[in-house]
Structure formats: structure tokens, C-alpha cells
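Q: One structure, as C-alpha cells, below. Some questions next.
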Amino acid sequence: MAGLRSLLVCIVVVAATIVIPTSAQLSASFYNRVCPKALPAIRSVVKQAIFQEPRIGASLLRLHFHDCFVNGCDGSILLDDTSSFTGEKTAFPNANSVRGFDVIDDIKNAVDKACKGSVVSCADILAVAARDSVFLLAGPLYQVQLGRRDARTASLNDANRNLPPPVFSFSQLLSNFQAHGLDLTDLVVLSAAHTIGLARCGTFRARIYNDTNIDPNFAASARKNCPSSGGNDNTEPLDATTRRFDTVYFKSLLQKRGLLHSDQELYKNNGTDSDKLVLKYSRNPFAFARDFSASMIKMGSIKPLTGNDGEVRLNCRKIN
Ligand code: HEM
Ligand SMILES: *[C@@H]1O[C@H](CO)[C@@H](O)[C@H](O)[C@H]1NC(C)=O
Ligand SMILES: *[C@@H]1O[C@H](CO)[C@@H](O)[C@H](O)[C@H]1NC(C)=O
């Protein structure tokens with residue numbers, strides 16, 4: 001009986017595979033049969049890396065975002081420059097800014113060892129590392145969708161064109177997110193990723209010296225570590241609890257204490273839909289946890305390569 005059932009299940013699975021071999025669907029169970037040890041192996045390296053340096057959790061979360069916003073979640077951000085293309089690492093939003101590439105290499109080595117071969121894509125590693133970072137820093141735990149494959153190219157120009165800069169206005173931020181199939185709620189909850197991590201002085205100088213929608217005490221304090229010229233790489237916490245994935249980011253926006261101009265654009269206290277969302281999440285951690293999870297899954301599903309498209313890279317820094 002059990003034998004017959006598993007035979008039937010096998011037939012159904014094989015038939016489904018034949019009918020839709022290159023379906024663009026991701027699935028939470030993608031590695032369950034081929035390598036059940038994959039996800040625990042990733043979690044363990046991320047945990048060790050965060051133990052060594054809590055900020056790395058923020059950096060890994062940002063890597064996944066910067067991967068997904070440039071031609072989809074395809075691991076393109078991890079590729080080094082080659083003679084045939086200039087990759088994304090030196091694009092303006094990434095240069096001297098994105099970090100965590102060594103941790104991704106460590107994860108890839110660990111996961112290939114656990115799986116006895118290269119079956120887990122670098123794009124999926126980014127998605128899982130981001131999810132685990134949020135969870136390990138006291139944020140929500142969601143079921144990450146899997147089955148992305150890795151790009152065989154990357155583009156500096158596409159990174160410059162697609163990643164939103166911190167000087168963007170509210171309407172520019174919203175258009176940028178809409179161009180990626182995301183909406184206002186996604187913009188507001190995903191921006192709250194800035195509840196962890198740091199920013200460099202060069203990215204918020206204009207805000208703390210010239211913006212009017214800012215708490216003067218907050219601006220004065222941030223100026224101490226960010227002179228009006230020089231000190232571009234001095235860092236400042238993006239919110240007051242940068243090692244904890246909480247709702248302090250939203251509470252800060254209510255007090256005009258957003259560090260980036262783009263953060264404060266989401267809350268101007270004049271009754272916009274964006275204002276209402278910021279207020280709601282500042283008061284309701286459960287709504288934030290739920291909606292952040294949903295928006296991460298949505299962002300993680302931007303134009304994945306699936307089926308026979310792309311490849312599973314042996315080394316996340318170069319194509320096979
Ligand atoms: C809404 C538009 C966004 C803009 C304009 C923006 C801009 C920035 C900037 C300028 C920094 C500081 C970088 C540096 O100083 O080197 C930063 C850091 C960060 N961003 Fe965003 N970001 C946005 C959305 C997001 C999203 C959607 C996520 C993830 C879901 C994210 C995650 C992070 C994290 C975690 C950090 C800290 C990284 C670290 O400490 O290494 N950001 N962002
Ligand atoms: C602030 O604005 C003034 C006048 O537009 C400009 O000259 C100055 O460079 C700005 N400062 C910063 C730090 O952006
Ligand atoms: C809210 O305030 C900003 C400037 O602080 C302004 O650009 C925007 O038009 C205002 N929106 C409404 C609905 O009043």
C-alpha cells in the first residue's frame with residue numbers, strides 16, 4: 001500500500017516535472033530532497049558571522065536587496081569584473097559600501113560540503129542569508145522561497161540605473177519600487193530594513209546639514225561624526241538599536257530622526273498614506289513582522305532565473 005502510494009507520488013512528480021520543467025515558480029521545498037542539509041548549513045555560517053560581527057547581518061540583508069533590484073535575484077551582484085563585462089560591485093551605490101562577500105564565499109563552501117556538490121545557487125544563498133540575518137537579530141522568521149539560478153553576466157550600468165539613491169524624494173522612491181513590481185507598503189516595510197546596520201557620512205551629509213524635516217538635536221549629534229566636508233566614510237547607526245530588528249526605525253521617523261533623507265521621505269506628518277503606514281508599524285510590531293515577511297518574499301521573487309536558465313555557480317564570484 002505504502003509502496004503503491006509512493007510509486008503513484010513518483011509518477012505524479014515525474015509527470016509534473018515533464019510538463020512544467022522551466023516554470024518560473026520558486027518553492028520553499030526546493031532543496032528538501034536534493035540536499036536537506038543546505039538550509040541548516042547556511043544558518044550555521046550566518047550565525048557564526050553575526051557572532052563575530054553583528055553588523056554583518058545588516059550587510060547580508062542589503063546584499064540580497066541590491067541583488068534583486070538589478071535584473072532580478074540572480075546573484076549578479078557577487079560577480080567580479082571580467083574582460084567581457086564590468087560588474088555591479090563598483091557601481092555608485094555599491095562601491096566601498098556593500099559588504100559580506102567573504103561570508104557568502106564561506107557559506108558556499110560550507111553548503112557545497114554539506115551537499116557533497118554544487119547544488120545550491122548563489123542567488124538562493126543570498127536570499128537565505130538575508131532571511132537568517134533578520135531572524136538572528138530578533139526579527140521575524142519567514143519561509144524563504146528557493147530555486148533561483150545564477151546569472152552568467154552582470155552590469156555596472158544597470159546597477160547605477162536601478163538602485164535608489166538616498167537623495168530620492170518620496171515620489172522617486174515609490175516610482176523606483178513600482179518599476180520593480182513593488183508597492184507603497186513594500187516601500188515602507190522594506191525601508192525598515194534600516195532598523196539594522198550603519199550608513200556612511202557621505203550618504204546623509206546633505207540631510208543633517210540642509211534638510212528642514214529633521215530633529216535639530218538629532219542633526220547636531222550626527223554632525224559631530226560627519227563634518228561638512230571630509231570624513232565621508234565615518235559611520236553612523238541607521239537607528240538607535242542597530243543590532244536589533246525592531247520597530248524603533250518607525251518610531252524615529254515619527255520624531256524626524258530618520259538618518260537618510262530617503263528614510264524621512266516616508267513620514268512628513270501631513271496625512272499621506274505613507275505617513276499612515278509608518279504610524280501603524282510604529283505601534284504594531286506584529287503587523288510589521290507579518291508585512292515585512294510578505295514583502296521580503298515578494299522582493300525575493302523579482303525576475304528569478306529558474307529551470308534551465310542561468311547556472312548554479314561553483315564559485316559565487318565567477319561564472320562557471
Ligand atoms: C528605499 C530605498 C533605499 C535607499 C535609498 C537605501 C539607501 C541606503 C544607504 C545610502 C545605505 C548606507 C550605505 C553606506 O553608507 O555605505 C543603506 C544601508 C542599508 N540598507 Fe538601504 N536603502 C533603501 C532600501 C533598502 C532595502 C529595501 C533594504 C533591504 C530590504 C535595505 C537594507 C539596508 C541595510 C541593512 C543597510 C545597512 C548595511 C550595513 O550596515 O552594512 N535598504 N541603504
Ligand atoms: C547645503 O545647501 C547649500 C545651499 O544650497 C549648499 O551650498 C551646500 O553645499 C549644502 N550642504 C551640503 C552638506 O549638502
Ligand atoms: C506633505 O508635505 C510635503 C513637504 O513637507 C509636501 O511636499 C507634500 O505635498 C505634503 N502633502 C500633503 C498631502 O499635504
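Using the three backbone atoms N, Cα and C, a Cβ is placed for every residue, glycine included.
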Q: With Asp239, Thr242, Asp246 listed by TrEMBL as Ca(2+) 2-binding, which of these, Thr185, Thr195, Thr306, is given for the same site?
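A: Checking Thr185, Thr195, Thr306 against TrEMBL: the Ca(2+) 2 site match is Thr195.
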Q: Which of these, Cys201, Cys316, shares a disulfide with Cys226 in TrEMBL?
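A: TrEMBL says the disulfide from Cys226 goes to Cys201.
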Q: For Cys316 (disulfide bond), which of the binding-site residues Asp74, Glu88, Asp239 has the nearest Cα in space?
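A: With Cα distances computed to Cys316 (disulfide bond), the winner among Asp74, Glu88, Asp239 is Asp74.
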Q: Same chain, not part of Thr195, Asp239, Thr242, Asp246: whose C-beta falls within 8 angstroms of the C-beta centre of the Ca(2+) 2 site? Give them in sequence order.
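A: Nearby residues not in the site list: His194, Ile196, Pro237, Leu238, Ala240, Thr241, Arg243, Arg244, Phe245, Val248, Tyr249.
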Q: What average pLDDT does the predicted model assign to the domain 'Plant heme peroxidase family profile' (25-320)?
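A: That region's mean pLDDT is 98.
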Q: Counting only residues 6+ away in sequence within the same chain, which have a CB under 8 Å from the CB of Cys201 (disulfide bond)?
A: Asn225, Cys226, Pro227, Gly231, Asn232, Asp233, Asn234, Thr235, Glu236
Q: In the structure shown, which of the binding-site residues Ser76, Thr195, Thr242 has the fewest other Cβ atoms within 10 Å?
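A: Output over binding-site residues Ser76, Thr195, Thr242: least Cβ neighbours within 10 Å is Thr242.
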Q: Looking only at Cys35, Cys68, Val70, Cys73, Cys122, the recorded positions on record, which one has the least crowded Cβ, with the fewest other Cβ atoms within 10 Å?
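A: Comparing Cβ neighbours within 10 Å for the recorded positions Cys35, Cys68, Val70, Cys73, Cys122, Cys35 has the fewest.
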Q: For Cys122 (disulfide bond), find which of the binding-site residues Asp74, Ser76, His194 come within 10 Å, Cα to Cα.
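A: Close binding-site residues: Asp74, Ser76.
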